[in-house]
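Participant: Structure in structure tokens, see below.
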Amino acid sequence: MSLYATQDEKKQAAAKAALKHLPKGGILGVGTGSTVNFLIDLLPELQLEAAVASSQATADRLKKLGIEVVDMNHVGSLDAYVDGADEIDRHMHMIKGGGAALTREKIVASIAKKFVCIVDDSKWVDQLGRDFPLPVEVIPMARSAVARKLVSLGGDPVYREGVVTDNGNVILDVFNLNILNAIDLEKTINNIPGVVTNGIFALNPATIAIVATNDGIEERTAQ
């Protein structure tokens, strides 16, 4: 029997458990997505100096709670970055980008001293990419050319119709990739001309994962 009646209750529990890993009174990097939204609603407890948002949607939600949102260009580093994941494995490698904010998420995470990932256990996987397609942000004019390159890597790219990123680009969701070496594949895809970035977060993995399971909260680090 689960401690939680719904998946949303798991997400809320993970968000609450993450608070102790986040700085009080500092500047926090904040990700995007349904789990992060539960966390944002708790952030007033931390009395943050400010936040750097990874998307316009996150910025809007933070501002509604009275939390100042600052431009990343005015911040040298962040004490922590907190975000969810579409998938995460035992190496703390992740697939992100279901909400199409992967590029800004990756940029904000890159200046943080630690990356706190909050998920429910449905996102914990043995191998990335088996169940969730890999999002790739692409400059619009390069969509077809990039898609052909992704096919040559063994993937099955699908254009995410009707979605434009905050950066004005499009998303290709790549199915059936065999992600055995996440670091190498992240580099390979990012080197395709026209790719802005892809949703593998392996070069800059999570520091700790806060995982809500049926039995409660687990804190996991790389194995």
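These residue numbers are counts, starting from 1, taken along the chain as shown.
A Cβ is built for glycine as well, from the same backbone N, Cα and C atoms used for every other residue.
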Participant: Which one, Lys123, Lys149, Lys187, is listed by Swiss-Prot in the same substrate site as Thr32, Gly33, Ser34, Thr35, Asp83, Gly84, Ala85, Asp86, Lys96, Gly97, Gly98, Gly99?
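Facilitator: Record check against Swiss-Prot: substrate site with Thr32, Gly33, Ser34, Thr35, Asp83, Gly84, Ala85, Asp86, Lys96, Gly97, Gly98, Gly99, extra candidate from Lys123, Lys149, Lys187 is Lys123.
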Participant: Using the Cβ centroid of Thr32, Gly33, Ser34, Thr35, Asp83, Gly84, Ala85, Asp86, Lys96, Gly97, Gly98, Gly99, Lys123 as the reference point for the substrate site, which residues of the same chain not in that list have Cβ within 8 Å?
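Facilitator: Going along the sequence, the neighbours appear as Gly31, Val36.
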Participant: Far apart in sequence but close in space: which same-chain residues, 6 or more away, have a Cβ under 8 Å from Lys123 (substrate binding site)?
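Facilitator: Listed in sequence order: Gly84, Ala85, Asp86, Glu87, Ile88.
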Participant: What three-state class does DSSP give Asp83 (substrate binding site)?
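Facilitator: Its secondary structure by DSSP: strand.
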Participant: Please find which two of Thr32, Gly33, Ser34, Thr35, Asp83, Gly84, Ala85, Asp86, Lys96, Gly97, Gly98, Gly99, Lys123 have the most distant C-alpha atoms, given that the record lists them as binding substrate, and give only that distance in angstrom, rounded to a whole number.
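Facilitator: Looking at Thr32, Gly33, Ser34, Thr35, Asp83, Gly84, Ala85, Asp86, Lys96, Gly97, Gly98, Gly99, Lys123 as a set, their Cα atoms extend up to 15 Å apart.
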